[in-house]
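The active site, proton acceptor feature in Swiss-Prot is assigned to His339. The annotation UDP-N-acetyl-alpha-D-glucosamine binding site is assigned in Swiss-Prot to 7-10, Lys21, 80-81, Gly138, Glu152, Asn167, Asn224, Arg311, Lys328, Tyr342, Asn353. Feature annotation from Swiss-Prot assigns Mg(2+) binding site to Asp106, Asn224; the stated evidence is sequence analysis. Per Swiss-Prot, acetyl-CoA binding site is recorded for Ala356, Asn362, Tyr363, Ser381, Ser399, Arg416. Annotation comment: Swiss-Prot describes 1-226 as region 'Pyrophosphorylase', evidence class sequence analysis. Taken from Swiss-Prot, the feature region 'Linker' applies to 227-247. Per Swiss-Prot, region 'N-acetyltransferase' is recorded for 248-433, and the stated evidence type is sequence analysis.
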Amino acid sequence: MLSVIILAAGKGTRMHSSLPKTLHTICGEPMLFYILETAFSISDDVHLILHHQQERIKEAVLKRFKGVIFHTQIVEKYSGTGGAIMQEDKTPIPTKHERVLILNADMPLITKDALTPLLESKNNAIGLLHLADPKGYGRVVLENHQVKKIVEEKDANDEEKEIKSVNAGVYGFERKFLERYLPKLHDQNAQKEYYLTDLIALGINENETIDAIFLEEEYFLGVNSQTERAKAEEIMLERLRKNAMDLGVVMQLPDSIYLEKGVSFKGECVLEQGVRLIGNCLIENACIKAYSVIEESQIVNSSVGPFAHARPKSVICNSHVGNFVETKNAKLQGAKAGHLSYLGDCEIGKNTNVGAGVITCNYDGKKKHQTIIGENVFIGSDSQLVAPINIGSNVLIGSGTTITKDIPSGSLSLSRAPQTNIENGYFKFFKKP
């Protein structure tokens, strides 16, 4: 086994946001959560180094993960990546295991499989990337698959600038290596920071073996700006779409479909173009038609859309919800709402038909109220159901009716002003003076 240390103390200034960088989301999940999941998949000893807005980050983590060991970086005294793993006396933070893997919290695309080459190394090791264009990165000079030195671009000569090997920002160390060299680390550089790369340089000077482990670039993209966050999200979306299609989900124009990590599919499902699936959703044997939005809801044996919006806590089973219908905290069981309706805080029974323009008036300005609709109910177009209201089964509601009282089963309900036709009214109205 090994211990994992995740570095998450930075300010994330380039994100230009009051939200801590590591809590910015990738497909609905804070990017820090991805790296924590990966860490717990390989270790029972996970450490998180914090400083900037640490209480906010800690609160978010504790809602989701158990067993994370939190540390506060002493940035006033020991800043930088090397300082992140130092205690007050410059010794490494205590870990359960002798092997220590160090990761950055802003790399949400890392997976267990992507780390395998680094995990298999028995020596102290640094993860490397081979970049076609390494401009802006420090170069890693190799000799017989071992790290000879790490040189910053501004200090590199012309030959070194041609090197394509750069630091991926992930490391595997033996604890005794950290104990030996961390106290020797210094901050005599332009940034006045302690760097893990300098730690490696100290080891090389003492003829320590440092393995160079090449990793796949896609998995080790660091997120330091909104542009990089968007790039990482697109890569994650590609993974989620592929996983869904591998399960048999039919996607029309996959690149136009957005889905989040909490979405699950069962049975035969179709997603038309422009669909957005947000939060923890279950889509089972269902067709989600073009440009519909499903949030924190369950769609089972049903068709939804096009241009429909199922807001949180909607459960739509054996039903049809058509274009421009919005549901919220609604339970539909075998019902139809073809178009242009708002169905909020309601339960609708089987074989019930909701006409165009029907609205459940669920909010009285202070509280939300529920509408209960039974089975075999026909609700005429442009009707308003003023909650709280209970409509029995086998009920017919005439078009344009405003319901303010419960309706017993078997009833016909009407409430409308009598129609008046005025003979020659048109001509009288438009008569010229």
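Using N, Cα and C of the backbone, Cβ positions are placed for all residues, glycine too.
Counted within 10 Å of its Cβ, the other Cβ atoms near His339 (active site, proton acceptor) come to 17, all protein chains included. As a summary of secondary structure, the region 'Linker' (227-247) carries 20 helix, 0 strand, 1 coil according to DSSP. Beyond the region 'Linker' (227-247), the same-chain residues lying 6 or more positions past its ends with a Cβ under 8 Å from any Cβ of the stretch are 15, 24, 26-27, 31, 108-109, 218, 221, 254, 257-261, 263, 265, 271.
Fewest Cβ neighbours within 10 Å among the binding-site residues Leu7, Ala9, Ala356: this applies to Ala356. Residues Ala356, Asn362, Tyr363, Ser381, Ser399, Arg416 are listed as the acetyl-CoA binders, and the farthest two of them sit 23 Å apart at their Cα atoms. Looking only at the binding-site residues Thr81, Asn353, Ser381, the densest Cβ neighbourhood within 10 Å occurs at Thr81.
Taking all protein chains in view, 15 other C-beta atoms sit within 10 angstroms of the C-beta of Asn224 (UDP-N-acetyl-alpha-D-glucosamine binding site). Comparing the binding-site residues Lys21, Lys328, Arg416 on other C-beta atoms within 10 angstroms of each C-beta gives the minimum for Arg416. The Cα atom of Lys328 (UDP-N-acetyl-alpha-D-glucosamine binding site) lies nearest to that of Asn362, taking the recorded positions Asp106, His339, Asn362, Ser399, Arg416 as the candidates.
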